[in-house]
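*Asks:* So Swiss-Prot has the following annotated:
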| type | residues | note |
| --- | --- | --- |
| BINDING | 13, 137 | Mg(2+) 2 binding site |
| BINDING | 13, 51, 73 | Mg(2+) 1 binding site |
| DOMAIN | 4-145 | domain 'RNase H type-1' |
């Protein structure tokens with residue numbers, strides 16, 4: 001008997017007040033009629049780190065391999081995971097101009113957690129009224145504005 005994987009829709013966004021500064025991420029996950037929201041904040045981080053951490057946390061929350069449609073307004077995250085990452089891995093996590101890949105800790109985590117799922121990475125233009133993207137944006141901003149105390153150790157170690 002063939003098992004069918006669950007189809008899950010995930011929407012993510014990251015926010016940073018100042019860049020670097022306090023930051024947060026927002027996630028909306030939908031499966032059939034169920035919906036779950038996740039958000040968290042960090043005392044000092046960057047917008048790109050929050051844009052990467054959101055899909056990591058969302059995918060890590062899935063208890064089994066799923067068919068995922070993941071929608072984000074971050075071209076950086078989407079292009080990184082669908083295009084740039086292949087070259088980075090071949091070059092030992094270096095860019096084409098021999099620089100260390102920024103946020104490599106998160107890129108490695110995203111690469112790893114992506115392997116167990118079948119993911120359609122989609123991009124949506126931010127701040128254009130896309131319901132779930134707007135909700136993620138609010139969750140992320142609220143988390144960043146809540147004076148978060150949590151330390152983004154990956155960011156601190158890169159300084």
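Heads up, the Cβ atoms here are built off N, Cα and C, so glycines get one too.
Tell me about the surroundings of these features in the structure.
*Replies:* Residue 137 (Mg(2+) 2 binding site) falls within a helix when secondary structure is assigned with DSSP.
Close to residue 13 (Mg(2+) 2 binding site) in the fold, though at least 6 residues off in sequence, lie 25, 26, 51, 54, 72, 73, 74, 126, 133, 136, 137, 139, 140, each with a CB less than 8 Å from its CB.
Under DSSP, residues within the domain 'RNase H type-1' (4-145) fall into helix, strand and coil as 56 helix, 49 strand, 37 coil.
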*Asks:* Around the Mg(2+) 1 site recorded as 13, 51, 73, what other same-chain residues have a C-beta within 8 angstroms of the site's C-beta center?
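*Replies:* Residues close to the Mg(2+) 1 site, other than 13, 51, 73: 12, 14, 15, 50, 54, 72, 74, 77, 126, 133, 136, 137, 140.
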*Asks:* Rank the binding-site residues 51, 73 by how many other Cβ atoms lie within 10 Å of each Cβ and give me the one with the fewest.
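*Replies:* Minimum Cβ neighbour count within 10 Å, taken over the binding-site residues 51, 73, occurs at 73.
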*Asks:* Applying a 10 Å Cβ distance cut-off over all chains shown, what neighbour count does residue 137 (Mg(2+) 2 binding site) have?
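*Replies:* The answer is 19 other Cβ atoms.
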